[in-house]
Each structure stands twice: as C-alpha cells, then as structure tokens.
Amino acid sequence: MSAYSCTQLLYPLTSQLPVSSQKPPKRTRVLNHSSSSSSSSSSTLISTKPTSHSSSPPPSWVESLRFQVRSNLFHEAILTYIHMTTTGSPPDNFAFPAILKAAAALHDLNLGKQIHSHVVKFGYESSSVTVANTLVNLYGKCGDIEDARKVFERITERDQVSWNSMIAALCRFEEWELALEAFRSMLVEENVESSSFTLVSVALACSNLDKGRGLWLGKQVHGYSLRKDDRKTFTINALMAMYAKLRRLDDSIALFQFFEDRDLVSWNTMISSLSQNDRFVEALVFLRSMVLDGVGLDGVTIASVLPACSHLEMLDLGKEIHAYAVRNNDLITNSYVGSALVDMYCNCRQVESGRRVFDSVLERRIALWNAMIAGYAQNEHDEEALNLFLEMYAVSGISSNGTTMASIVPACVRCEAFLHKESIHGYVVKLGLEGDQYVQNALMDMYSRLGKIDISNFIFESMEVRDIVSWNTMITGYVICGYHDEALNLLHEMQRLKENENEDGELKDEKGNLLKPNSVTLMTILPGCAALSALAKGKEIHAYAIRHLLASDIAVGSALVDMYAKCGSLNVSRAVFDQMPIRNMITWNVLIMAYGMHGRAKEALELFENMVAESVKNREVRPTEVTFIAIFAACSHSGMVREGLNLFHRMKVDYGVETIPDHYACIVDLLGRAGKVEEAFQLINTMPSNFDKAGAWSSLLGACRNHQNVEIGEIAAENLLQLEPNVASHYVLLSNIYSSARFWDKAMDVRRRMKELGVRKEPGCSWIEFGDEVHKFLAGDGSHPQSEKLHEFLEALSVKMKTEGYVPDTSCVLHNVDEEAKETLLCGHSEKLAIAFGILNTPPGTTIRVAKNLRVCNDCHAASKFISKIMDREIILRDVRRFHHFRNGTCSCGDYW
C-alpha cells in the first residue's frame with residue numbers, strides 16, 4: 001500500500017480521537033531565529049511529568065509495530081497502526097515514536113502531520129520527550145524546519161536526543177551557523193552532554209563553512225572529542241570527511257592512520273576524498289591497502305575509485321573492478337556503480353563498452369542517463385547523444401536536469417544534423433535551467449563556437465556565481481574566436497581578484513568563490529600567449545605550473561611546448577618536451593610542427609623517426625593524420641620535395657594512415673612553393689572525387705601568387721570561389737596576382753566583386769609584447785600613442801637602409817599609385833611598426849619578437865634583414881605560415897618561403 005493510501009485511511013480517525021485538556025506551562029526559547037515568529041502555541045512547552053492515560057495498546061500491537069519499523073517495513077507498520085487505532089487500542093508513547101519513524105522514512109509530511117494531530121489529541125506532545133524528539137526528527141527529514149523548530153522549542157527539558165535531532169535537522173537544511181549555535185547552547189546554556197551523533201553533525205557543519213573559519217572551529221570540535229575520549233569509528237569518520245572537505249587531506253590521512261577501528265565507511269571516506277581532490281594515484285593506493293586488509297568493496301567504494309581509473313586512463317584496472325562488481329550481483333545492479341562504469345569506459349574512449357553497461361542496468365536513474373549522454377558527447381558521438389537524450393524523455397519519461405543539458409548543449413553545437421543550434425537555449429529556458437551554473441558554462445561555450453562571443457560574454461557577466469570552469473570557458477571562447485588579447489586581459493582580471501585573497505592564500509572572487517587556475521586554465525590560455533608571441537606571460541604561466549605541480553600534466557606540457565615554439569624559443573620548447581615524464585601523440589605532433597615552422601625540416605624528420613620507434617613500445621604515440629600534416633609542412637618550408645613526396649606515397653602502406661584532403665593540400669603547397677605549379681595542378685586532378693578540394697585549390701592559388709602564374713591562378717580561383725565564395729583571402733590572392741602582372745582593371749574587378757558580395761579583407765595586424773602588455777599594430781593605423789614617433793623613426797631608418805643597399809620592393813604595393821606613394825605605404829606595414837616599437841622601447845641587444853596574422857611581404861622580409869644588421873638586433877618574426885629569424889642581415893629561411 002502506498003503512503004498516500006495510508007494517509008487517506010487516517011482521515012476518518014481524526015474525529016473519533018479523545019482530546020487532552022491539559023495546558024502545558026510556558027518557557028523561553030533557546031534558539032534565536034529570524035523567522036521564529038509564529039502562533040502562540042510555538043512558545044508553549046512540554047511538561048516533563050507524564051500524563052496518566054486510561055488505557056494503552058496491548059503489547060502485541062506495539063511489539064508488532066516496532067518490529068516492522070526496525071525491519072524497514074514502513075508501509076506495513078502504517079497498516080498496523082491503522083488497525084490498532086480502529087480496533088479501539090489507543091497509541092501510547094511507545095507506539096508513536098515507531099509510527100513517526102515510519103512516516104519520516106517515507107518522507108511523507110502529510111502523514112506525519114496527521115499522526116502529530118493524534119499525538120496532540122492523546123496528550124503525548126506535552127507528556128513525552130521521546131515522542132517530541134521523534135516529531136523533531138520527522139519534520140527535519142520531511143523538509144519542514146519551522147515545525148521542527150516549533151516542536152523543539154516547546155520541549156521543557158530537552159535531553160541529548162532532542163538536541164541531536166534539532167542539530168541534525170538544521171544541518172539537513174544547510175543552516176550551518178544555526179547548527180553550531182545550537183551546539184553551543186546545548187553545552188553552555190543547557191549543560192547537556194554531547195554524543196558521537198552530535199559531533200558527527202557538528203563536524204559536517206564546520207566542513208561547510210569558509211575554509212578559514214571552518215578549520216578553526218573544526219579543530220576545536222576535534223579537540224573537544226579528544227577531551228571526551230570519543231574514539232568511536234563514526235566520529236573519526238566524520239572528522240576525516242570534515243578535514244577533506246576543508247582541503248586538509250593530509251590531516252584526514254593522518255587521522256585515518258592514527259586509529260585502528262576502521263570500517264568500510266572509513267576506507268570509502270578516504271578513497272572518495274582523494275578522488276574528488278584529483279589525488280587519483282593515492283586513491284588507488286588506498287584501494288589496494290583496503291583489499292589487503294580484507295575489507296570488501298561496496299557500491300560507494302566502486303563509484304569513488306572508478307573516476308581515478310578514468311582520469312589516469314587505467315582501463316585494465318577499471319575492467320578488474322567491473323569484474324568484481326559482476327561477481328557481486330548487488331553491486332552490478334546498483335545504478336551509481338553503473339553510472340561510474342559508464343563514465344570510466346567513455347573517458348577511456350571505450351564508448352561501446354559503456355553502452356553495454358548502460359543497457360545491462362534495469363533501473364536507470366537520471367545519473368546513469370546523464371553518464372551515457374555525457375560519454376557520447378565527450379567522444380563526439382553527437383547524434384547518439386541526441387538520440388539518447390530524446391529517448392530519455394520520450395520513452396522513460398525522465399526530465400532533463402542541469403547535468404543533462406550541460407552535456408547535450410555541446411553535442412547540439414557540433415552535430416551537423418541539428419540545424420537550429422540556438423533553439424536548445426530556448427529549451428533550457430523552458431526547463432527553468434537558464435540560471436544553472438553548469439548550463440550557463442555550456443551555453444557560453446556554444447555561443448563562442450558559433451562566433452557569437454558577445455552573447456557568451458553577456459552570459460558570463462550575468463552569472464551570479466562564477467567558478468573556475470566559468471572563467472576557463474570564457475577564456476577559451478576568446479581564444480576560439482581569435483580574441484587572444486581579450487583572453488589574456490580576462491586572465492589578468494582573474495589575477496586582480498588577488499585583492500580578495502584570504503589568509504590561506506586562496507584566490508577568491510567578489511562573492512567568496514574559490515578561484516584557483518588549474519590545468520584547464522593553463523592549457524586554455526597558453527595558445528593565446530602563443531598567438532600573440534607573449535613570451536614573458538607564457539614564462540609566468542610556466543612558473544605558476546611548476547609551483548602548483550601542474551607542469552607534469554600532459555596537456556599543460558604539450559601546450560607549453562607549443563607556446564615556446566610559437567614564441568620563437570624552439571630550444572626551450574625542446575627542453576620542455578624532453579623533461580615531460582609522459583608524452584602523447586599531441587606532444588610529438590606539436591614539436592614536429594614547431595621544427596617545421598622554424599624551417600628545421602631535418603630535425604622534424606628525425607623526430608618523426610623517433611616517434612615511430614616509440615610507437616612500437618607505446619601505441620598512444622603512433623603517427624596520425626596530423627603528424628603527416630606537420631611533416632609535409634616542414635618539408636614544404638625547407639624545399640624538401642623528394643622527402644615529402646616519398647612519405648606521402650608511403651603513409652598508408654608503411655604507417656596505416658589514410659590520406660585526407662588536408663594531406664593533398666600540403667603536397668600541393670610543397671610542389672607549388674618549389675615552383676612546380678603545373679605538377680601541383682595535376683595532383684589536384686588526381687584527388688578522389690568525394691574529397692573537399694578547397695584546401696588544395698587555396699594552396700595552388702598561393703603558389704600562383706608567389707610565382708606569378710596568371711593562367712593557372714585563374715583556374716584555381718574559379719574553382720575555389722565556387723566552393724568558398726565568402727572567404728576574403730581568395731579574392732585578395734587573385735587580385736594580387738593581377739596587380740603583380742599589372743592587370744589593374746582585372747584587379748579592380750575582383751575588388752569590386754568583393755564589395756558587392758560584402759566580403760571584407762582581413763587587415764594586416766602585428767603584435768609585440770612589452771612589459772605586461774601586448775601592443776597591437778594595424779597596417780597604416782595611426783591610433784597607437786607612439787604612431788608619429790614610429791613613422792618618423794622608420795623614415796629615418798629607411799634612409800640608412802638605402803645607403804646599405806636596400807631597394808624598396810614596390811611590387812608589394814598593390815595599388816595603382818606613383819612610386820613615392822608606394823614607398824610611404826610600405827613604411828606603414830604592421831610588422832615594420834611593431835619592429836620599430838621594439839627597437840625604441842627595449843634596451844640595445846634585446847631580441848625583438850613579432851607575430852603577424854598574414855604572410856610577410858617581400859619588402860618587409862628584405863627590410864627586416866637590413867634592420868637586423870644596422871640596429872644589431874635579432875628579430876624573430878612569425879607570420880601565418882612560418883618563422884623568420886633575422887640576424888646580421890640574413891634570414892633563417894634562406895629567402896625560401
């Protein structure tokens with residue numbers, strides 16, 4: 001019988017029960033509460049003298065009732081109570097606690113209130129502390145803290161159980177300060193001795209306070225327990241959990257090792273605490289010790305330790321734990337164990353195994369659905385994620401929560417079949433989840449990937465609570481959209497919050513939320529440093545990673561290798577690579593690409609061979625499609641045509657890597673850069689018909705620009721503009737080809753077509769880091785504070801350069817103006833302005849590092865060689881394709897770029 005049915009059966013009884021006429025005395029309340037104003041009955045208190053009653057139920061009724069409650073047969077207990085009262089046996093102070101415990105266990109507040117009315121009518125509210133204590137417990141567990149407080153305040157002489165019940169109720173409602181106030185009143189004002197149950201609740205309250213205050217009070221509670229010589233296991237377990245939640249894990253471990261009466265909860269507390277604090281290796285060490293101690297695993301153990309397996313990608317150990325669960329039927333049917341297994345398999349990229357676990361669990365709670373949907377989404381099985389999301393609601397009738405939506409939003413963004421991507425935001429609003437922090441983070445990521453960074457920023461600014469994920473997501477959004485300087489500015493803003501640092505040295509936001517940059521923050525912001533050649537900022541982040549033991553993280557290490565390489569410090573990049581304890585294929589690919597960008601193809605090929613040798617021992621580092629893109633690019637920048645073609649023809653047979661369109665684009669670039677334009681053109685004609693040829697045609701068009709091949713350039717442009725009619729660089733390259741050949745009318749026609757279509761050319765832009773800022777220069781822009789000074793310096797320097805033999809390459813000015821005007825325009829190129837800024841603002845001999853968003857023009861390349869010699873400076877210039885190291889009048893590219 002349902003609790004609802006039982007409640008309905010109680011209604012006829014209310015008019016038949018005798019009412020006690022006793023009026024209890026009044027007494028002052030102990031707990032001060034802002035919302036304590038209530039009816040006059042809230043200030044009346046129970047007399048401790050029991051009221052005499054004419055009759056009591058036969059012992060068999062009470063014994064049966066109490067036995068059923070002890071056996072968790074709560075519905076049966078309610079039926080027994082109904083039969084007892086309908087047969088004329090009035091309940092007493094033994095029957096009421098039992099039936100109230102049953103109502104509390106069922107969380108049936110209406111049923112509990114009706115029984116409370118019976119208590120009042122039979123006179124036991126004012127005669128039995130035990131009954132009153134059970135009422136406090138009932139209201140606390142059923143979500144009515146006000147009625148719990150009212151009953152508590154009417155108790156004349158509260159005993160230990162009264163206080164324990166009230167403190168536990170306050171903790172259940174997260175009224176941590178009130179719980180501690182009640183504990184103080186219990187000890188000081190009422191002089192009631194505490195018990196282990198009291199200390200368990202008080203330790204929980206301390207663990208949920210601000211770390212500084214919580215730790216201060218928590219240590220006092222710990223000291224109090226030592227003075228009482230309370231060494232009960234569940235007290236120690238509560239103290240261990242408290243220290244762990246206050247991020248004092250070492251104290252938890254010391255406490256665990258100090259006492260010997262450990263139970264299963266003790267082990268689970270330590271394993272879950274270590275796992276939740278990313279100390280996964282230690283969690284597994286504790287698991288091993290637990291097994292050696294002969295303690296059996298339960299569902300909590302497995303659900304706590306599997307995240308360690310997934311984060312460490314220890315699939316074999318995860319399978320062993322899965323096997324253990326299969327051998328214990330109660331475990332494998334546990335929904336939480338099933339959720340943890342699904343999560344572990346999906347994190348280890350074994351999505352099909354995760355789905356088999358999902359299908360094997362018959363009782364699927366929302367956590368299990370969320371784990372499987374998240375697993376699909378994390379592995380970019382987006383259509384499967386969306387189908388399961390629809391099935392969850394349509395077939396199982398389970399409504400989505402914040403976790404569901406935080407997983408499904410990224411799948412909607414990536415899934416090509418899901419056309420109206422922003423409509424998912426409307427569904428979030430319909431569910432009332434737009435204020436959920438995790439959903440807001442997912443929506444920020446969605447809009448940034450759709451290029452709508454302003455909406456992402458609006459959501460970020462409107463968030464009431466921002467955690468580290470929120471900051472990481474916004475920083476990532478800026479990086480994705482190419483706003484690298486804004487990403488660094490946001491990191492600076494995050495660091496400026498250091499003014500709110502507490503005495504524990506923790507960084508918090510204006511609302512006291514902990515902000516500690518983690519590995520995700522670093523791997524997110526480092527590409528921004530790389531894009532802007534912000535080497536000093538990159539070094540600062542590297543130092544932070546070392547101080548906080550994050551430098552050994554494989555993702556952070558790979559990002560550092562990439563950052564140093566793209567900031568021109570290839571030797572440091574290699575040093576970081578060599579020091580990494582573990583490398584994956586991304587790490588190897590990043591360094592191979594770095595050597596290629598710096599024109600050191602021989603080292604790139606040597607590193608490739610080392611990677612192939614390493615793959616024999618470790619399958620995680622075998623060459624991939626990206627590896628060959630990096631190798632072909634390296635060969636292209638160094639003119640190693642034979643070596644590149646050789647690898648292209650061997651990649652499938654020798655390395656098991658299928659060719660993709662990007663590989664053809666790289667080889668077309670390799671041939672075109674070497675002047676083999678006709679051969680590159682023929683290669684495109686041999687591409688499989690189902691391949692996207694846009695990248696290959698783009699490479700060929702760039703080669704035609706470099707080698708002034710108008711005929712093939714027109715063919716490449718015609719094909720390219722059919723495939724990508726809104727990409728400005730295609731029009732610009734064709735226009736430049738015509739301008740170089742002095743076909744001014746055709747060049748003007750191309751530019752006119754761009755204007756008609758609303759296609760805008762990306763302006764030339766260069767960056768240089770100085771101090772704690774990154775300075776940005778646009779071609780011909782005069783908005784920088786030092787612009788006038790920079791132009792004067794470049795004009796004077798141009799005179800010196802001409803005396804050294806420099807001749808301005810006016811063919812780089814693609815406008816039909818006179819030669820003098822062309823020379824003036826050349827002085828305004830963004831990379832020259834950035835170099836001039838570096839010379840004027842840094843000490844003599846300082847290396848100048850500049851990054852540019854486009855390919856460096858012939859004139860700026862020639863000018864940079866002369867500037868490096870005249871000013872005795874090393875100039876490291878990174879354009880969109882490669883690095884140029886100018887030193888003493890020469891360039892590392894050997895004029896081949």
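Yeah, the Cβs are placed from backbone N, Cα and C, and that goes for glycine too.
Here the structure is a predicted model, which means the values were calculated and not measured.
So that you can see what the record holds, here are the features copied from TrEMBL:
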REGION    17-60  region 'Disordered'
COMPBIAS  34-55  compositional bias 'Low complexity'
REPEAT    128-158  repeat 'PPR'
REPEAT    159-194  repeat 'PPR'
REPEAT    263-297  repeat 'PPR'
REPEAT    467-497  repeat 'PPR'
REPEAT    584-618  repeat 'PPR'
DOMAIN    805-897  domain 'DYW'
Who are the long-range neighbours of the repeat 'PPR' (159-194) in its own chain, taking Cβ under 8 Å and residues 6 or more past its ends?
30-33, 129-130, 132-134, 136-137, 139-141, 145, 148-149, 152, 201-202, 204-206, 208-209, 217, 224, 228
Report the DSSP secondary-structure composition of the repeat 'PPR' (159-194) as helix, strand and coil residue counts.
27 helix, 0 strand, 9 coil
Where DSSP helix means H, G or I and strand means E or B, what are the helix, strand and coil counts for the domain 'DYW' (805-897)?
37 helix, 16 strand, 40 coil
Count the residues of the repeat 'PPR' (128-158) that DSSP assigns to helix (H, G, I), to strand (E, B) and to coil, and report the three numbers in that order.
22 helix, 1 strand, 8 coil
